[in-house]
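Down below is the structure, laid out as structure tokens.
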Amino acid sequence: MYYFLGHLAFVDICYSSIILPKMLVQILTEDKTIGFSGCATQLCCFVVFGVTECLLLAVMAYDRYMAICKPLLYPTIMCGWMCWWLVAGSYTVGVLHAVTHTTFIFTFSFCHSNVINHYFCDIAPLLALSCSDTHTYEVVVLALVSINCLSTMTVIFVSYTYILPTVLRIRSPEGRRKAFSTCTSHLTVVTMFFGAILFMYLRPSSAFALDENKTATLFYTIMTPTLNPLVYSLRNREVKAALRRAVGRRQ
């Protein structure tokens, strides 16, 4: 589990770092420009880490399933090379998605305003500036997001349909508490992340409003990565004990 948590933390750091530094520079200096190559790089990296995080959350659900429901087989199945391949596969799929989206978008013609109505170079605000026919690409986006979200959410849902009954059968209160703590931390992160993603990309075009998307994007690109360490660490007994000691020393 900690191996996957480490990669989730890395992805969260990269995810926010793609957007926040440029945003802060724009706020402090009022220089709100970005070059063509910079915009393409920002979009590409954003998609890489966004898709990777989706897949890592599904991998972590499967990891919890193996640890709780198949504890005797866990060391054999979730060995070092298997964990490595699961993480490598997540990054690879993220890169493939990023290359697809970046290639599609930056072959379009942009003849409207050069003002991006967003905090960063995201798919929707860039499409709004294009004067090319983007209908085919919009279908591709809907298909890719649907496949990615539905497949990962299916893995998570199926994993927890097996995990919850198993946890309820644990006789030890301490063991049950620890299992529930781990599962609720993961489910909290999943709900925050996927809720914003589904709101952003799986709505009909008639309900699509860039101003509304700004709020949703701010939530899952900045708030969720910021809250993830708190959600996981504050459910860890050792971390809470260390926090109490630190607060006690200051008092």
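Every residue, even glycine, has its Cβ placed from backbone N, Cα and C.
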Ask   = What range among 114-138, 139-163 does TrEMBL record as transmembrane segment?
value = 139-163
Ask   = According to TrEMBL, which stretch among 13-31, 184-202 corresponds to the feature transmembrane segment?
value = 184-202
